[in-house]
Amino acid sequence: MEPPTSHVTNAFSDSDSASVEEGDADADADVEALRRLSDNLAAAFRSPEDFAFLADARIAVPGGGGGGGDLRVHRCVLSARSPFLRGVFARRAAAAAGGGGEDGSERLELRELLGGGGEEVEVGYEALRLVLDYLYSGRVGDLPKAACLCVDEDCAHVGCHPAVAFMAQVLFAASTFQVAELTNLFQRRLLDVLDKVEVDNLLLILSVANLCNKSCMKLLERCLDMVVRSNLDMITLEKSLPPDVIKQIIDARLSLGLISPENKGFPNKHVRRIHRALDSDDVELVRMLLTEGQTNLDDAFALHYAVEHCDSKITTELLDLALADVNHRNPRGYTVLHIAARRREPKIIVSLLTKGARPADVTFDGRKAVQISKRLTKQGDYFGVTEEGKPSPKDRLCIEILEQAERRDPQLGEASVSLAMAGESLRGRLLYLENRVALARIMFPMEARVAMDIAQVDGTLEFNLGSGANPPPERQRTTVDLNESPFIMKEEHLARMTALSKTVELGKRFFPRCSNVLDKIMDDETDPVSLGRDTSAEKRKRFHDLQDVLQKAFHEDKEENDRSGLSSSSSSTSIGAIRPRR
């Protein structure tokens, strides 16, 4: 017979086991209830069309995402989750004399929400979506690949620019909205990858950490130490960071003996004078300073400076001086083309390549210009579909230009069969070039603008391709009639033909994909009159598609001209004067 105590012990053991099981079941039920609550609240944000009748505010993001830049939100949810947003909505409610949208909802500009920091850190559409989604669901979703992955196939996508920039944007928005848990999470994520981040990208993280201030002190201190010990020059730092941070860097470098007390890491006064002249867009002053013999463009790294910090026209004017080595390296081992790849300005890259910049040159760590550009470009920008007639993304254009330059196989010869057939007919050649470049402007506006800027087309007189229609007064001094009979080659004709020919050559060299499309269209003998029964359905469809594109472009140009106060009475077969680059 078992002792009574054993029964008591077993009874308690069974009771404890049952209690644990019941506790686990209760915990699981609580977790499931919280998960459903999270999903239900998230649905109100993730399915804006289904919950549009409940949304009472919209946040407008510059540039937007896809079809629009407005994100529909619910003030009660955001106010409950973010003290900052609660204060914003409370102040606007107190002020309350309107401010609603057409549907009665309140519209807030993201830059206004982010305050002064919004001018320094541009929070993108996808980054804001992630922050708002967290406020609704309490969970951090997967990072969007289109916004966080670069184009370089060899990249691990841990410390590349798109990944770093996205995390920095989320961190800044979360800190501004006073969402402590999300701020801490992304601060930890950035701290974990800092050692893998390219030194130039440290400046972005440091800027954001400085704006977040007390909420990101660990990140701020770590970034500051890494920048102090880096090879980033003082000019780059001065252009990227606020004065108080610059002072901390100078003091730290002085204490470590990394710079001398005399110049504190800055270039001498003669170089600084050249830089100030470039900042003032005064290339003539640069020329005068060079005559003093105190320095030269290479020693001053003037081309590097202009490419990184000045308007593209300054780079072109400096190159035209022919006084600098276009393949000169700065102390960090970057050629001018490497700097241009970082800036991602197609016109500057093409200008350098036409002057002999070598795309195969590598940095000290083994990267070519095209690899630099790829590491900076988001997959969403590169692989996204561009609507016909709309500008191509600059990032993608830069990569295509650099890849084509590396192939070293630009298309040679005449622009196309049609131009070759024009033979000695100067009028025919001019008409062909005008039509080709005009078509390029409609179908590939960004590529055409780059080539035309390099060729300086806007410095020549446009030809009137109409059939006797008089151009408006605003254009009479900027057009030349090609319909004069007999046609006589004049100086302005020659200048125009030279510029247009160079435009076509640049297009074939750097934009072969676009040039091939234009070749097929210009060489196509399809004519509206010849579209009879013998015309293939495919050819007929192609003609009508092209006709739709041209008609759409014409109507858009006409509306824009009407808004600008220009006369809309010019012939529909005439292309308007090219606007000067702003």
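Easy rule for this one: first residue shown is 1, then count along the chain.
Cβ coordinates come from backbone N, Cα and C, glycine included.
It should be emphasised that the depicted structure is a prediction, and the values quoted were computed from it without experimental measurement.
Given the ranges 42-56, 147-161, 192-206, the record in Swiss-Prot names 147-161 as zinc finger. Listed by sequence, the residues of this chain that lie at least six past the ends of the repeat 'ANK 4' (332-361) yet keep a Cβ under 8 A from its Cβ atoms are 200, 231, 233, 303-304, 307-308, 312, 315-316, 319, 326, 367-370, 372-373, 376-377, 394-395, 397-398, 401-402, 405-406, 446-447, 449-451, 453-454, 506, 510. For the pair HIS157 (Zn(2+) binding site) and ARG436 (salicylate binding site), the C-alpha distance works out to 41 angstrom.
Under the DSSP three-state reduction, CYS160 (Zn(2+) binding site) is assigned to coil, being neither helix nor strand. Cβ neighbour counts within 10 Å, taken over all protein chains shown, single out CYS160 as the most crowded of the binding-site residues CYS150, CYS155, CYS160. Of the chain residues outside the Zn(2+) site list CYS150, CYS155, HIS157, CYS160, LEU149, VAL151, ASP152, ALA156, VAL158, GLY159, HIS161, PRO162, ALA163, ARG375 have their Cβ within 8 Å of the site's Cβ mean position.
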